[in-house]
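A short worksheet on the structure shown next.
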């Protein structure tokens with residue numbers, strides 16, 4: 001059971017990305033406010049339908065790209081083994097990061113549709129984060145083994161490269177990345193959600209997953225092109241076989257760099273830090289600029305998953321100010337300007353004791369009567 005301040009409160013539950021779809025306001029609503037809520041429900045139904053369609057399209061793109069990726073991972077491992085090429089195997093490891101990323105995107109799309117339970121009342125979104133952490137650690141192990149083998153080859157020089165097999169395999173890898181890139185490519189589109197609000201970009205979570213997978217594929221395409229050039233040199237100049245372990249070193253750093261970015265996002269979510277792309281101070285100052293707001297405290301911004309920020313805050317208002325009006329404006333700003341759709345706001349009456357206490361805690365800021373710049 002959700003606990004909300006008896007005077008006023010707001011809980012926003014996020015099911016379909018892009019718009020608010022379930023808002024429960026506590027307190028007396030006028031007939032006009034109720035009518036606005038009814039119109040909002042109809043708008044949310046349309047957004048929900050579009051969300052389902054985009055989720056279905058994203059899932060299809062990721063399924064096709066994952067199948068192509070897995071097929072060529074197997075091909076590269078076989079080709080690298082036959083050619084005795086560590087550079088090919090390193091490229092396969094990078095493809096493995098792409099495959100893991102796409103699987104996690106598919107997994108997150110599936111898990112996000114599962115309803116919360118009494119024990120898992122936030123839902124299952126963190127399962128995606130745990131899966132990402134596991135995939136990063138496994139990729140580091142594989143890359144470490146390849147670097148160890150490359151060091152041995154550099155020291156002993158006792159190895160031979162089958163330039164023909166290496167050339168064919170690397171060429172197929174380039175083709176595979178092009179196919180995956182075409183499959184995942186999508187043109188961006190923007191449209192407004194009303195004449196009174198700012199123009200909004202339609203950026204649902206599943207589209208973000210597809211874009212992330214596309215970026216991974218572009219990075220792997222560059223690496224595959226590098227392996228193709230190296231295999232071309234080795235094919236015509238077998239004496240330059242040392243290029244193979246050198247490429248292994250270079251591309252291993254590229255793989256580690258890719259996974260470090262993923263690990264940073266994972267740790268931010270697990271440590272409940274402010275999500276990347278959200279400025280804590282800007283959110284705070286924007287809320288304080290709403291007319292009638294005297295102060296705020298207990299502002300917390302975290303994320304259930306990389307693309308699902310959550311916010312809770314206590315807002316203290318001046319005497320005689322309509323708490324429902326402040327509540328609606330604050331929630332609207334958080335949705336439209338900051339793209340936060342899981343929100344809990346508690347409205348409180350301002351008191352001097354509150355100011356002194358929270359000033360000591362270093363979290364309270366006072367703003368006099370100023371109008372919101374978002375209007």
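Quick reminder: no glycine exception, Cβ is built from N, Cα and C everywhere.
Please treat TrEMBL annotations as automatic predictions, because they have not gone through curation.
So that you can see what the record holds, here are the features copied from TrEMBL:
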{"type": "DOMAIN", "residues": "62-271", "note": "domain 'Cation efflux protein transmembrane'"}
{"type": "DOMAIN", "residues": "275-350", "note": "domain 'Cation efflux protein cytoplasmic'"}
{"type": "REGION", "residues": "356-375", "note": "region 'Disordered'"}
{"type": "TRANSMEM", "residues": "60-82", "note": "transmembrane segment"}
{"type": "TRANSMEM", "residues": "129-151", "note": "transmembrane segment"}
{"type": "TRANSMEM", "residues": "163-184", "note": "transmembrane segment"}
{"type": "TRANSMEM", "residues": "213-236", "note": "transmembrane segment"}
{"type": "TRANSMEM", "residues": "242-263", "note": "transmembrane segment"}
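Taking pairs at least six residues apart, the transmembrane segment (129-151) and the transmembrane segment (213-236) share fewer than three Cβ pairs below 8 Å and do not count as touching. Here the transmembrane segment (213-236) has Cβ contacts under 8 Å with residues 62, 65, 85, 87-88, 91, 94-95, 97-98, 101-102, 105, 161, 163-164, 166-167, 169-171, 173-174, 176-178, 180-181, 184-186, 243-244, 247, 250-251, 254, 258 of the same chain, all six or more residues outside its ends. Counting residue by residue with DSSP, the domain 'Cation efflux protein cytoplasmic' (275-350) contains 23 helix, 31 strand, 22 coil.
For the transmembrane segment (163-184), the list of distant contacts is 61-62, 64-65, 68-69, 71-72, 75-76, 79-80, 82-83, 85, 87-88, 91, 95, 98, 210, 213-214, 217-218, 220-221, 224-225, 227-228, 230-232, 234-236, 238, 244: same-chain residues at least six beyond its ends, Cβ to Cβ under 8 Å.
Confidence in the domain 'Cation efflux protein cytoplasmic' (275-350), given as mean pLDDT, stands at 92.
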